Amino acid sequence: MKAVQVRKAYDLVTAEVKKPVLSKDDEVLVKVKRVGICGSDMHIYHGTNPLATLPRVIGHEVTGQVEAVGANVQSLKPGDHVVIEPISYCGSCYACRKGRPNVCAKLSVFGVHEDGGMREYIVLPERQLHAVSKDLPWEEAVMAEPYTIGAQAVWRGQVEKGDTVLIQGAGPIGICVLKMAKLAGAAVMMTDLNNERLAFAKENGADAVVNVQAEHVAERVLEWTGNEGANVVIDAVCLPETFALSIEAVSPAGHVVVLGFDERAAQISQLPITKKEVTITGSRLQTNQFPKVVELLNGGRLMHNGLVTHTFSVDDVHHAFQFIKEHPDQVRKAVITFD
């Protein structure tokens, strides 16, 4: 069968590998239908993902159809449509005991630490698979995992109905955060450098948008919130300067949610954090967000609405990665098909 593998930086190959088989009673064999290309996949391709090990079959935004199940599998049967939860964990470390396996001491992420889903068939434990409606188009189902990232950020920021939320960055993850924040009942302002992205954010529910090259973000936030500041700031740009801006723009008693892995230091003093008693929290992957997202997808309350802009056959995967590399402003989300 075909599998898309990054062997080293910029060395992407479509390899012929053996089709996996069930070896444990709790395992499920899935025929892959769609795989989204995430920013982290591009970082693996570029050799700049600090967490990935190579060579690696990439892909963690995966949907497909169950082909076979192990003897002890109860929740799934052949023919079911599923989405993939890409994390495995030990279940016994401090993070797992606290109900946060997404930061398990022995965390393994599908497509990052272990071979992922950009191949024709995969085998995973039942607990990493969630059934979705067979009426749900594959291009909608493949967005489940990115939506869980948005749901996690909104949960970590404790976003509630009536809150004002500033989301920095109107890229794919920023839009996923936007969708989940609006479903939570928040008013949302979004920032970006790109007017087309900001227009798309407005189409998807943003109440206000700011081009950071044309306007002063913190001043606009104060105007928008009646001088209060944003109750929650979610940084999906993930640069030292946007982290610092988050602290400036957040309201007293507010939350700042950080999604990035930038190792550079930000210039932030203690004073605004303590004076405003700001809660700063990281948000990584997701914890128990799949059931909520699946329910929203099945009910038609979550739709990509233009977020998926490009689809490529697995036979054209090299062209897909080259196109994203050369035309990043044209691509919101690209999806690889395995039909």
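Using N, Cα and C of the backbone, Cβ positions are placed for all residues, glycine too.
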Additional site residue, Glu126, Glu139, Glu140, Glu145 [criterion: listed by Swiss-Prot with Cys38, His60 for Zn(2+) 1]: Glu145
Cys93 (Zn(2+) 2 binding site) versus His60 (Zn(2+) 1 binding site) - Cα distance in angstrom: 24
Packing count at Cys38 (Zn(2+) 1 binding site) (other Cβ atoms within 10 Å of its Cβ): 22
Cys90 (Zn(2+) 2 binding site) CB neighbourhood, other CB atoms within 10 A: 13
Same chain, 6+ residues apart, C-beta under 8 Å of the C-beta of Cys93 (Zn(2+) 2 binding site), given in sequence order: Cys104, Ala105, Lys106
Nearest-integer angstrom distance between the alpha carbons (Cα) of Cys96 (Zn(2+) 2 binding site) and Glu145 (Zn(2+) 1 binding site): 20
Cβ neighbours of His60 (Zn(2+) 1 binding site) where a neighbour is any other Cβ within 10 Å: 23
Close in space, distant in sequence - Glu145 (Zn(2+) 1 binding site), Cβ under 8 Å, 6 or more apart: Gly36, His60, Glu61, Val62, Val83, Ile84, Glu85, Pro86
